[in-house]
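Straight from TrEMBL, the features:
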type	residues	note
DOMAIN	6-133	domain 'VOC'
DOMAIN	154-272	domain 'VOC'
Amino acid sequence: MKLITGLHHVTAITGDTQENIDFYTGVLGLRLVKTTVNFDYSDVYHFYFGDEFGTPGTIMTTFPYGKGLVNGRHGKGMLNTTAFSISMDALDYWMNRLNQFNIPFKQPQQRLSGEVFIYLEDFDGLGLELVFNDKDERTGYNNHFIPKDFAIKGIHHVEIWLNAYERTAALLTTQMDHQLIAESSDRFRYAVEDAPGKYVDLVCTPNALKGLAGRGTVHHVAFATPDAQTQLEMMEKLNTFGLEHTEVKDRKYFTSVYFKEPGGVLFEIATSGPGFDVDEELASLGEHLNLPQQFEEKREHLVEVLPKFNYPTEKYR
Ligand code: ZN
């Protein structure tokens, strides 16, 4: 049995709260599946965006620290692009949609076995792609304003820039159940199986500057493991590989272990369950502030310091 089943989520450092909600639920049409706080710094929101259920492999999460936060810099030792998967038929629709809302993007390009992609950035400069392909069996979130066959189906891949890819590749292939499935020039694609939502692209960029954390950069990427037992087995494998990791942390919707991969990117191993409906109904996910038990006594303070925002946002519908 595989200990890693694919990507779980990507977590980014972002700026303004309303812009963050607008971009991911409005422009991109994802579902806000959880409104909570950063469990390690509770005065900041933690938003989870994904498909209807917040299925692992569809989830983008953000810590919106506010507009005053200093900008980060894309570069080496960083996950610079999170790519979302969309049906091939939807390319024209999405270019029109981005134009309609004045979201700049690069013209379509092709890579590897013919996947077509456009690069864009969110309002904070976070690197994103829309990858148009016919390989994705997943159903996107039906938000009732983007035609449901054109919706984002989930994450397609993540792109990590490295000085050299070999040590990260060794971690993925010897300890984390990945295989090299495609490559072209300086790009090496690894996956636990050949399906969108499971791809990790390592790109060699020896001439790039080092990435700097800040607004518009990724904080970490999480890989999915089935349960607490496989998570424990994964920790033993990290020990064998000589990688230091945290203890298991309770994130309420899953449990997590964190470690730095050899190229400098923070990786997380997150359990697939229990999921986002443990503290609210599926029909109203994300609509109210949900706090873990340890922060309930601070609720009044948090409601006061956390910025108010409108959801759903009408502007991008
Ligand atoms: Zn995480």
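Here the Cβ of each residue, glycine as well, is placed from N, Cα and C on the backbone.
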Self-check item: Residues of the domain 'VOC' (6-133) by DSSP state, where helix covers H, G and I
Solution: 24 helix, 64 strand, 40 coil
Quiz item: What are the helix, strand and coil residue counts for the domain 'VOC' (154-272) according to DSSP?
Solution: 24 helix, 53 strand, 42 coil
Self-check item: Segment confidence, the domain 'VOC' (6-133), expressed as mean pLDDT
Solution: 97
